[in-house]
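Step one of this worksheet: look at the structure below.
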Amino acid sequence: MAVRSLISVLIISLFSFTYASDPAPLQDFCVAVKDDEAKVFVNGKICKDPNMVSADDFFFPGLNMPGNTSNPLGSKVTPVNVNQLPGLNTLGISLVRIDYAPYGLNPPHTHPRATEVLVVVEGTLFVGFVTSNPADPNVKNKLFTKTLYPGDVFVFPEGLIHFQFNIGKTDAVVFAGLSSQNPGVITIANAVFGSDPPINLDILTKAFQVDANVIKYLQAQFWWNID
């Protein structure tokens, strides 16, 4: 498990550099200052005084530990982005570990700032993504899916809606690299039906072409975040 995980991280790192989308750094490093300590706002994080930087700024422990999947979705994302690892600031990459209970789901979501490349370490996953709206209004958005096994790699293009579903009877584990220090995540159901304040009922009723009671039911649900 440890050897496979290390290989996975190395592979992901190479892919992440290839697909990096954040601005290139102009110095060796720019260790992030915590938001509550920052005196100015910038597109990203401001830099820590280089004389105050230590090896710990480039270190994150514990990614070998499984996430707690005892929630309604049966999955858990453990992120390692600039908020957990300040040394990632300006480097254009980040990492996640995702754990899935049997039949656990990472629901349809999108990363607005990153391409994601995923490698399966344990288990069997059914994954997929949907294309953006085609130019021809008579053509539907296309769905690409694949069943993945240990050692398989799959890429989700930047900004596109995607998902992962554990179709096996055992736990599943993946590691994924993302081409941004802070890729962001928008879980579709949460954003549409769980926003605060709620989106106007008339808007959602017309958008989804369903009865208003269906929208009211969906808005009344508890929408779970796994990260």
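Each Cβ is built from the backbone N, Cα and C atoms, and glycine gets one as well.
What TrEMBL records for Asn106, His111, Glu116 is oxalate binding site.
Within 10 Å of the C-beta of His109 (Mn(2+) binding site) we count 22 further C-beta atoms, all protein chains included. The Mn(2+) binding site annotation in TrEMBL covers His109, His111, Glu116, His162.
Annotation source TrEMBL lists disulfide bond at Cys30-Cys47. Sequence-distant contacts of Cys47 (disulfide bond), defined by Cβ-Cβ distance under 8 angstroms and a gap of at least six in the same chain, are Cys30, Val31, Ala32, Val33, Asn89.
For 61-216, the entry in TrEMBL reads domain 'Cupin type-1'.
Positions annotated as signal peptide by TrEMBL: 1-20.
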Fill in the CA-CA distance, His111 (oxalate binding site) to His162 (Mn(2+) binding site), as an integer in Å.
9
Distance from His162 (Mn(2+) binding site) back to Asn106 (oxalate binding site), taken between C-alpha atoms, in Å:
9
